[in-house]
Amino acid sequence: MGNCLTTQKGEPDKPADRIKLDDPPTIGVGVGVPQIPMPSHAGQPPEQIRPVPQIPESETAGANAKIFVALYDYDARTDEDLSFRKGEHLEILNDTQGDWWLARSKKTRSEGYIPSNYVAKLKSIEAEPWYFRKIKRIEAEKKLLLPENEHGAFLIRDSESRHNDYSLSVRDGDTVKHYRIRQLDEGGFFIARRTTFRTLQELVEHYSKDSDGLCVNLCKPCVQIEKPVTEGLSHRTRDQWEIDRTSLKFVRKLGSGQFGDVWEGLWNNTTPVAIKTLKSGTMDPKDFLAEAQIMKKLRHTKLIQLYAVCTVEEPIYIITELMKHGSLLEYLQAIAGKGRSLKMQTLIDMAAQIAAGMAYLESQNYIHRDLAARNVLVGDGNIVKIADFGLARLIKEDEYEARVGARFPIKWTAPEAANYSKFSIKSDVWSFGILLTELVTYGRIPYPGMTNAEVLTQVEHGYRMPQPPNCEPRLYEIMLECWHKDPMRRPTFETLQWKLEDFYTSDQSDYKEAQAY
C-alpha cells in the first residue's frame, strides 16, 4: 500500500501533528451559533487582576523540570493566563491547584496559568496525536468515519475489557477494523506475537511502513474535531462560582423560553459563552445557588459544562459553554424544513449519547426533571449534550405546576410525576422515551392532535403513542419499555445506553487478528 505515515525515531521534541478544526418550550442553556474566534491578545478585563507570582528560575530548572507539550492552541482569557500554540513546550511550575496549572513557555519565557487538559507530558503516549485515551469502540468508529478522515486513518485507545492493554482502530474504506494490542509481562507490545515492540510509538512506526497483516497501512491519525472544554472559565474563577455580571457582554439574542432568554455572549471580552437570563421571580436565588454548587460538580462529556452564575441580583444569569448548532429540537426542525433527513444510524447514535449523559446523572443519584429535545444541545459532528439538568425542581410552584394550560411539560412527563409529583430517575426514563419520538419525527410535538388534558387522561388509562413513521421496530420497543406504567420496570439509563450503542454497532466491528501473509 506504500507509506502513509512514518514516525521518525530520535525526534521526541517534534510537535504532535494534530489537525485543528474550529472549534417552543424552554430553550436549553447554552444554545449557540458558530463560536467567535478568540483574540490572540485579550483586552483589559473588567476586574483588577493580581499579578502572576514569579518563581525564580533556579527553583524549577534542571533535570526535575516538568516539561509538557501543548496539544491545542490556547488564548489567554485573563491577565493571569498564558497564551500558547499547539506544539509549544511548557515548563510546569505548579500543578497543585486543580485543573489550572502555573506554567512558563520555553519559547517566550512568559508565565501564567494554563488549562491542564490542553497539555501532555513531553515524550509521553498522551502527547501522541493518535492516542485517544479511554474512549469506547463505538466512539472510535464514529470519529474515524467522519468525512475529515480517509482510508487508513487510525487511533489507539485504552482497552475496554483488558487492564493495561490497548486497542488499535483503523478505517478501512467505509468500515472500521479493531485490533487488540497486548502487553508482554516483561514489557513491550504486540498485535501478532511474531512481531513485538518496546513502545507503542515503535508499533505505530512499523505498521505505518508495512501493514504486516493489518487491513491497511496506518496513515494519518484520526482528526480531533473538538477542543476539550476547560474546567471553569479560568484559574481565577475556579473557586469563584459567583462572577461579576459586568464581566459579561451580551452579543446576540439567540432565543426566548418560558422562563427567560438565551444569549450568545463574551466573558471578560475574551471567551465565547452562552448566557441564560431567568425572568425575575422564576426561582429563589438562594435555592438556585445551592443547587448550582451541586451542578458544577457534575462533569461528563455529554453534559453541558456549567461555568458560572450571577445571583447577587435579579435576573439570575447562568453561564455555560456555547454549542454551535443550538438546541436539538431546533436542529431537527431545521433539517426537516429544508427537506433533508439524517440517517437512522445517526439519530440512534444521538439517542445513545443522551442516554450516556443520563446514565452518568443516574450514577450520581441526580434527576433532570425536564428531559426533552429542547434541553439537548448540538455541536459539530452531531455531538449532543444535555442542558438544564436540575433546574425544573427550582421553578416556583405557581409557575410550574401540573395543570392544564400551565407551563408544565405534560406531554414529556411520566404519569406518576404529572399527577402526584413523584419525580425520579425513572420518570426521566419516561421522558427519554418521548425524546426518542422527537428524534425520529424531526421535532414533532408528542401526542399530535391531543390536548394536555386528553394526554393526562388517556395515558393514565393505558394509551401509548403508536410507532412513528419510518421508526425501526426495535427502537419502538425501547420506547414502550420506557413508558411502562410501573416505574420500577422501566430500564435503567445504563441499559438504554448499551442497547442503543449495540443498535448502532455493525457486525463488522468485531476485533480482528492480524493475518499472516
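Any Cβ shown, glycine's included, is placed from N, Cα and C.
As recorded in Swiss-Prot, the features of this protein are as follows:
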type	residues	note
ACT_SITE	Asp370	active site, proton acceptor
BINDING	Leu254, Gly255, Ser256, Gly257, Gln258, Phe259, Gly260, Asp261, Val262, Lys276	ATP binding site
COMPBIAS	10-23	compositional bias 'Basic and acidic residues'
DOMAIN	63-124	domain 'SH3'
DOMAIN	130-222	domain 'SH2'
DOMAIN	248-504	domain 'Protein kinase'
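With a cut-off of 8 Å on Cβ pairs spaced 6 or more residues apart, the domain 'SH2' (130-222) and the domain 'Protein kinase' (248-504) reach 3 or more such pairs and are scored as touching. Each residue contributes its Cα atom, and for Ser256 (ATP binding site) and the residue listed as 'active site, proton acceptor' those atoms are 17 Å apart. Summary for the binding-site residues Leu254, Val262: the Cβ-based neighbour count within 10 Å is maximal at Val262. DSSP assigns Val262 (ATP binding site) to a strand segment in the three-state reduction.
The Cβ of Gly260 (ATP binding site) lies under 8 Å from the Cβ of Lys276, Thr277, Leu278, Lys279, Thr282, Pro315, each on the same chain and at least six residues away in sequence.
Counting only the Cα atoms, the space from Asp370 (active site, proton acceptor) to Val262 (ATP binding site) is about 17 angstrom. The recorded positions under consideration are Ser256, Asp370. Their Cβ neighbour counts within 10 Å are lowest for Ser256.
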